[in-house]
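S.K.: Below you will find the structure I want to go over with you.
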Amino acid sequence: MKGLIQGPGFPFVAPFALFMGLLYLRQNFPEHSWWLYGVCSLVVLGLILWLRPRYRGQDPAPPQILPSALIGLGAIVLWIGLDPWMPRTGGPRDNTFPFEAAFQIGTVPGVLAILFRFFGAVLVVPIVEELFWRGFLMRTIIKPEFEEVPLGTFQPLSFYITTVAFALVHVEFGSAILFGLIAGWWFCRTKSLRAVIVLHAAANLGLAVYVLITRNWFLW
């Protein structure tokens, strides 16, 4: 176990594995899902902060915050705008937010449900996903000793497998493919994991604002 924790892949894989595992367990407690999502996000963020020293020096390229954010917002505009015509996995999407009624009347559970979801989607998910998909998987496909592969290295097979794998965990498969291509391109262009995290965070922020304004909960 100690060897696993100290391995080079642990900081990139563990937050993603923990987050997915906690979200799976959360499904068994639907009546408490509104606050358990917040707990899941906080626990995973705590793990990331604990692992923070191991990320230092691994991402020297500048994050290019402004262009990264603008590209992320542009990507989410495409996601939303093209959604009606894009292929999806699963059956019809439910547009009922689990605590929409509580939110409408301003009760504490409803407001907290929104805040927890916002916190997780904008601050935690981008870090968790990009560490795993583009920080780990994209490089591991190129070479098992992934830490020897510079961030943002382009190799066609690795690039497209990672993009498809990323899309498969999203209901909006077609939109996620397009988003993954944009994020992957920016990652390869900037050679910066932080840049693609900013892109992802800006996209999720834009989506969250859109969903809250339009109440199109099925996109969230």
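For all residues, glycine too, the Cβ spot is worked out from N, Cα and C.
Reproduced below are the annotations present in TrEMBL:
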DOMAIN    114-205  domain 'CAAX prenyl protease 2/Lysostaphin resistance protein A-like'
TRANSMEM  6-25  transmembrane segment
TRANSMEM  34-52  transmembrane segment
TRANSMEM  64-82  transmembrane segment
TRANSMEM  103-128  transmembrane segment
TRANSMEM  159-188  transmembrane segment
TRANSMEM  195-213  transmembrane segment
S.K.: Report yes or no: does the transmembrane segment (6-25) come within contact of the transmembrane segment (103-128), defined as 3 or more CB pairs under 8 Å with a sequence separation of 6 or more?
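M.R.: Since 3 or more Cβ pairs under 8 Å link them, the transmembrane segment (6-25) and the transmembrane segment (103-128) do come into contact.
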S.K.: Residue list, the transmembrane segment (103-128) vs rest of chain: Cβ under 8 Å, 6 or more residues beyond ends.
M.R.: 15-16, 19, 34-35, 37-38, 40-41, 44-45, 48, 97, 197-198, 200-201, 204-205, 207-208, 212, 220
S.K.: By DSSP assignment, list the helix, strand and coil residue numbers for the domain 'CAAX prenyl protease 2/Lysostaphin resistance protein A-like' (114-205), in that order.
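M.R.: Counts, helix then strand then coil: 76 helix, 0 strand, 16 coil.
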S.K.: So what pLDDT does the domain 'CAAX prenyl protease 2/Lysostaphin resistance protein A-like' (114-205) average out to?
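M.R.: In the predicted model, the domain 'CAAX prenyl protease 2/Lysostaphin resistance protein A-like' (114-205) has a mean pLDDT of 97.
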